Amino acid sequence: IAMSYAKLAGLHPIYGLYTGFVPLFIYAIFGSSRQLAVGPVALVSLLVSNVLGGIVNSSSKLYTELAILLAFMVGILECLMGLLRLGWLIRFISHSVISGFTTASAIVIGLSQIKYFLGYNVTRSSKIIPLIESIIAGAGEFSWPPFVMGSIFLAILLIMKNTGKSNKRLHFLRVSGPLTAVVLGTIFVKIFHPPAISVVGEIPQGLPRFSIPQGFEHLMSLVPTAVLITGVAILESVGIAKALAAKNGYELDSNKELFGLGIANICGSFFSAYPATGSFSRSAVNHESGAKTGLSGIIMGIIIGGALLFMTPLFTDIPQCALAAIVISAVTGLVDYEEAIFLWAIDKKDFFLWAITFITTLVFGIEIGVLVGVAFSLAFVIHESANPHIAVLGRLPGTTVYRNTLQYPEAYTYNGIVVVRIDAPIYFANISYIKDRLREYELNLPSSNKGLDVGRVYFVILEMCPVTYIDSSAVQALKDLHQEYKARHIQIAIANPNRQVYLLLSRSGIIDLVGAGWCFVRVHDAVQV
């Protein structure tokens, strides 16, 4: 699999083994996940290929140097994020965005590998339209032998993968699928020597040598790519690591995880590795095999080291179509159409996020897809924060409990009194919206009220239990609102604030302004007064 991903990155297959060697040992020491397997992955490999392909020819030495330099840069960024405890930043990226992005990327990755099935070159691109145009344009050069062989290997891989997934007693089939394809392909090539089947070719034998990354004169041009790869790598690794930690009953430290990944990439770059991150498939194998400590990573590293020392001559005759079949089989699990169906049924807003990320990634490329997805995700976060949920509360019959009148139609309100619950912190971004809604509730009272008809509102009760924070802008706005209400002979009452909010209101003078007698523990107490 590692060699397949190196080919996807536009590198010699040996660099896939290098990337799966040193970083494994380093992460086992510094990482926090006990099951995460670090190494080359499809998505990062495609990013490396897409970006570096636009800078330099993939057959040149500089291409390899820049791929290794990217590992160093990504490692630095990950270490900085870990040391500065910036792991919380990834929470702002919606799962819908991640799912749409990975689904589109999986399709692009699959199409980029189809050239090894078709027997002719296809344009290197992360955009679906140039890929399809290139596939159609070269149809006259189609070759049956690699197509048939690749299709057979892909069918074998998918059958073994799905059989191992559905039957726990046969889970070893899922693990051994890639090895089966490689062994069968190599045997076939060694016996029949088919001229139409391209093979990997000679692979250097021995462990990677220590060398300082080169190409620093291109450093600035690689910064945007390094940031993008860092973001993708973090999302993939931390997401997998958290899921495995939950299944195995331990807490994951996101910041330590970032630092561990960073150190692994920095050290890997001194031993000819390109950017590495957590692999879902290999980590799943670790988990299913019963791995409980980081020692599993060290053992995997030793196995890869043994392969580098003694087995590389056996890799020479591996068919390219077999490696392509392994990549395509691996990325089929990333096509998450079920998530789109689920989101359409549950939340149209999240479905829109999924769809816009999916479409932009396919049409405009991975970089644009990530940026658009993250931008829309942040825009939704800002919109929700600036437009918090506010509810008019009514009293449930026969109780002293007050609930949302929209959720509980039987709840009744009192003439002249508006009880409002603000379900968010109050700060500069949402205070204007809150004031507008309060005025709206004041003017548009529900008709099903109890008590004497007094013609207008005299009391506005703010239920502040959900409010966890108030900033200075909100304090000033509340003072202005009080003065506005006072001029119209409307009294504000505050009910059920938490200790932190109450102390802030007290220090800012709002309690004195409203009157200490108008602060209550319960909404019902305020209504009774």
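Just so it is clear, glycine is given a Cβ too, placed from its N, Cα and C backbone atoms.
Taken from TrEMBL, the feature transmembrane segment covers 12-30, 37-56, 62-84, 96-118, 142-160, 172-192, 222-245, 257-274, 294-315, 322-346, 352-382. The feature domain 'STAS' is assigned by TrEMBL to 407-529.
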Would the transmembrane segment (257-274) count as touching the transmembrane segment (222-245), if touching means at least three Cβ pairs under 8 Å and pairs must be 6 or more apart in sequence?
yes
For the transmembrane segment (62-84), the distant same-chain contacts (Cβ-Cβ under 8 Å, at least six residues beyond its ends) come to 9-12, 15, 19, 48, 52, 55-56, 213-216, 218-219, 222-223, 225-227, 229-230, 233-234, 255-270, 272-276
Which value does the mean pLDDT take for the domain 'STAS' (407-529) in this predicted structure?
86
Most Cβ pairs under 8 Å to the transmembrane segment (222-245), of 12-30, 37-56, 142-160, 322-346, 352-382, goes to 37-56
Counting only residues 6+ away from its ends, which parts of the chain sit with a Cβ under 8 Å from the transmembrane segment (12-30)?
1-6, 36-40, 64, 67, 71, 200, 203-204, 207-208, 256, 259-261, 263-265, 267-268, 270-276, 294-298, 300-301, 304-305, 307-308, 312, 315, 323
Chain residues outside the transmembrane segment (37-56) and at least six past its termini with a C-beta under 8 angstroms from it
2, 5-6, 8-11, 16, 19-20, 23-24, 27, 31, 62-63, 66-67, 70, 102, 105-106, 108-109, 112, 124-126, 218, 221-222, 225, 228-229, 232-233, 236-237, 261, 264, 274-280, 282-283, 285-286, 296-297, 300, 327, 330-331, 334, 365-367
